[in-house]
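> Sequence annotations record features per position, and here TrEMBL assigns active site, proton donor/acceptor to 174. Per TrEMBL, active site, schiff-base intermediate with substrate is recorded for 202. Sequence annotations record features per position, and here TrEMBL assigns pyruvate binding site to 245.
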């Protein structure tokens, strides 16, 4: 079945058809681990961008092209519907169709993490169950933040506990204060780390002390800490992080996997030299220019970036030149 056929019908019939045509491909790994079983998150996960056509429709043909190129890079898995996937701009039907189609194209030994965080606990549970049906191996659940003043540690522990109790697949907590204005409190993370259906956390805050404490305080739990940015990947590994979910992996996936390997082999000087060359490009496609910059950089390395959905605007010509200069100055172009 071609990827484009995923668009033809309403959500539930689409999922039913996909399961009938390719049941293993639509259910992730052949057997979900369930509570009490840990998947190995060691390695690099690119948080995929969502390709759009010039009319801002999801372009599944372009997605398939990017996935074919990523298949040659030794990623541990892929993340769909993270911040870099323009998750807030996607309709519920599109979110599930993306997961279904990526699962079908993904090699069997690669994990699929799918964003399923919503503002309410009930909606998060419902979407997480649907993500599992669509083929996700793990649900990546961002902190609810609209009423951030009420999101106390106790409220967040209750939220994540209810989702984890109801989810047929394991959860990874997702703290991204740059987007949500809310940092998942350390005490909440430590409490949630004891839940048998919570695998770990993707922490994008960049506080290395906090990440080190997470690793140290959860060393007796089945809990894995993932760095949420390529800028502090080496530092995170030095403190015991398991892997990284890094936007820059959409562009420089092979070098990031090389950094992962160097750290695991204890080749710290080589790892440090490589890390230095990744910091400025990473800042350029995240903090400086965001998703429009990330998609533009992808095009220079043979991937399809394409437009973002409005209101995200394309880069200006001077911004494009600045972005190119950053990659060139660090030896990538």
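Any Cβ shown, glycine's included, is placed from N, Cα and C.
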> Using a Cβ-Cβ cut-off under 8 angstroms and a sequence gap of six or more, which residues of the chain neighbour residue 245 (pyruvate binding site)?
45, 46, 47, 79, 82, 113, 202, 226, 227, 228
> Give the number of CB atoms, excluding that of the residue listed as 'active site, proton donor/acceptor' itself, located within 10 Å of its CB.
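Taking all protein chains shown, the residue listed as 'active site, proton donor/acceptor' has 27 Cβ neighbours within 10 Å.
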> With every protein chain in view, what's the tally of Cβ atoms within 10 Å of the Cβ of the residue listed as 'active site, schiff-base intermediate with substrate', excluding that atom itself?
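27, counting other Cβ atoms within 10 Å of the residue listed as 'active site, schiff-base intermediate with substrate'.
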